[in-house]
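Asks: Per TrEMBL, the feature transmembrane segment maps to 12-36, 48-65, 71-91, 112-132, 138-164, 171-191, 197-220.
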Amino acid sequence: MAANIHDQSFSIVFGLLGNILSFFVYLAPLPTFYRIFKKKSTEGFQSIPYSVALFSAMLLLYYAFLKQHDAVMLITINSIGSCIESIYLIFYQIYATKTARQFALQIYTTKLVIFFNIVALGLIILVTLVFFKGHLRVSIVGWICAIFSVCVFAAPLSIIRLVIKTKSVEYMPFPLSFFLTLCAITWFLYGFSLRDFYIATPNILGFSFGITQMILYLVYRGETKALVLPDSNNKVQLEQFPNANNVQQSTVNQNQEGAMNYGVAGMISNSQVVPSELNV
C-alpha cells in the first residue's frame with residue numbers, strides 16, 4: 001500500500017513536469033509560423049510534422065480515455081497538444097494559397113489530415129471498440145501507440161547522419177536537443193512509476209537519440225556551418241559557408257522544430273521527419 005502511494009506520488013511529480021516541458025515543446029514551432037505570418041506565405045514549409053503530431057496526440061488521448069486510471073496527465077497535455085496542432089494546421093492552410101505550388105501543398109495537407117485523423121484514427125477506434133473488450137482493448141491500443149512511437153523515434157537517424165556528413169551542428173540546436181531529451185526522460189520516469197510500459201519503453205529510444213545528438217553537438221560544435229542546396233538533379237548537396245542564414249537553413253531547422261511535436265508521453269521526440277522545401 002505504501003509502495004503504491006509512493007509510486008503515485010512520483011508519477012504525479014513526473015507527470016506535472018512532463019506536462020510543463022511538453023507544453024513548451026509544443027510551442028517551439030512558433031518562430032516558423034511567425035515567419036509564415038510575416039511573409040503571408042508558407043514558402044517551402046511542409047505540414048507533415050503537424051499532421052502526424054495531431055494524429056499521435058489524438059491517438060494517445062484515446063489510449064488515456066480507455067486506460068481511465070492514472071490518465072489525467074496524459075489527457076491534459078494531449079488535449080492541449082491537439083488544440084495547438086489544429087491551430088498550426090489551420091494557420092498553415094490559410095497561408096498556403098499564394099502560389100500554385102503552395103495550393104498543391106494545401107491540398108496535400110488536407111489529405112494528410114483526412115488520412116491520419118479520420119481514416120486511420122477512425123479505423124483504430126472502430127476495430128478496437130467492436131472486436132476487443134476490457135484490458136485487451138487497452139493493451140492493443142497501447143501497443144499501437146508504442147509501435148508508432150518507435151517508428152517516430154527512429155527518424156533522428158536522418159539528422160544524425162546529416163551532422164556526421166557535414167561535420168556541422170547548424171541544423172541541430174543544442175538547447176532543443178537538451179529539452180527534448182529531458183522531456184523523454186521525464187515521460188519515461190512517469191510511465192515507469194505507473195508500470196505503464198507502453199509509455200515508458202518508447203521514450204528509452206527518445207532519450208538515447210537525444211543524448212547521441214548532444215554528444216555530436218559537443219564533437220562538432222566548432223566546425224564550419226553547412227549550407228544545403230539542391231543540385232541540378234533535385235538532390236540535396238552540401239556546401240560550406242561561413243554563415244548560412246537563408247531559407248534552406250530555416251527549412252532544415254524545421255525538421256528539428258516540427259518533429260518534436262509527435263504527441264506526448266511516448267511520442268514526443270527528437271525525431272526529424274524531413275519537411276524541407278527541398279523535397280516537395
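Every residue, even glycine, has its Cβ placed from backbone N, Cα and C.
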Asks: Short question: most Cβ pairs under 8 Å with the transmembrane segment (71-91), which of 12-36, 48-65, 138-164, 171-191, 197-220?
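Replies: Looking only at 12-36, 48-65, 138-164, 171-191, 197-220, the most contacts with the transmembrane segment (71-91) come from 48-65.
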Asks: Of the stretches 12-36, 48-65, 112-132, 138-164, 171-191, which racks up the most C-beta pairs under 8 Å with the transmembrane segment (197-220)?
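Replies: Answer is 171-191, with the largest number of Cβ pairs below 8 Å.
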Asks: Between the transmembrane segment (12-36) and the stretches 48-65, 112-132, 138-164, 171-191, work out which stretch tops the count of Cβ pairs under 8 Å.
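Replies: If we count Cβ pairs closer than 8 Å to the transmembrane segment (12-36), 171-191 scores highest.
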